[in-house]
Ligand code: F6P
């Protein structure tokens, strides 16, 4: 059986472990051979690939990034794409199946193609942990670990200077990374897109921490919007006209906090640091098991579905499970964390 595999969308620690898991299980259990397409759908449609022999995946699960490269090319936007284009590419390479590793956009494209009868399985991927259908996505644990280490460092410099430190982490639509890094690092406030919080409340948490002699630590997800501050009311660093502007929400919050509390405040945006580097052991294991599960699905011809973690087990769920609704932070998880604020 010839199988294509590709990584698509933003990168994520653990992608190489998925590739290794699929290739090793495919070779050992199912007599599969793997072609790795470069830069996601682009490589598939333009015929750029590498043969993934066993030796090619040796030791890669600890490497960050993806040995295949990735891109945000969408199969339905590419000139040679669409159902016919992808079907022709699968034919050209004599592929019996395709493993698409990616986030919402990739899995939505994979679903349309699978609905049209193409032999595709999915592996869900995002550091944001906001895809439905799976309890966790690989990459999230690494992003939280990286964020926590960075915030621990911000705390010591903040304490030395008696400053308030604001750390902006990723999370456009869901605040999982902020919630977990904030809890792990002992933040005095965690601000996430799911929760409406006023500037007065933020200033109160910061002031309370300072009153107790602490250097206030605020963790904010990039998609957070304060309830009442007009000047920071444009999420994602976009202005009202949708144009990119410098500085994310953290940079815009810091001067407001300083004005309201009188405490000198600095912001650090962690940005893509959270996506880079070596995956944690948890992510390596999860990603490896997902890759192995994908090879099993291909062997069974179980098209149009993806691997998912339910509890501690890898299951198979329809691709739409990831797409139906965004997995956001539930109220009780925020309330639990908020007990520790201030
Ligand atoms: O979806 C994952 C994510 O890491 C988001 O949290 C973030 O907004 C986005 O990717 C950044 O993507 P890019 O690599 O295109 O800047």
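Placed from the backbone N, Cα and C atoms, the Cβ positions cover glycine too.
Per TrEMBL, the ATP site holds 72, 73, 103, 104, 105, 106; the candidate it also names there, chosen from 4, 10, 171, 175, is 10. Per-residue pLDDT, averaged over the domain 'Phosphofructokinase' (2-297), rounds to 94. Taking 10, 128, 273 as the candidate recorded positions, the subset whose CB lies under 6 angstroms from any atom of ligand 1 consists of 10, 128. Under the DSSP three-state reduction, residue 266 (substrate binding site) is assigned to strand. Max Cα-Cα distance over the annotated substrate binders (126, 127, 128, 163, 170, 171, 172, 222, 266, 272, 273, 274, 275) is 33 Å. Other Cβ atoms within 10 Å of the Cβ of residue 128 (active site, proton acceptor), summed over all protein chains shown, number 29. Residue 273 (substrate binding site) has a Cβ environment of 16 other Cβ atoms inside 10 Å.
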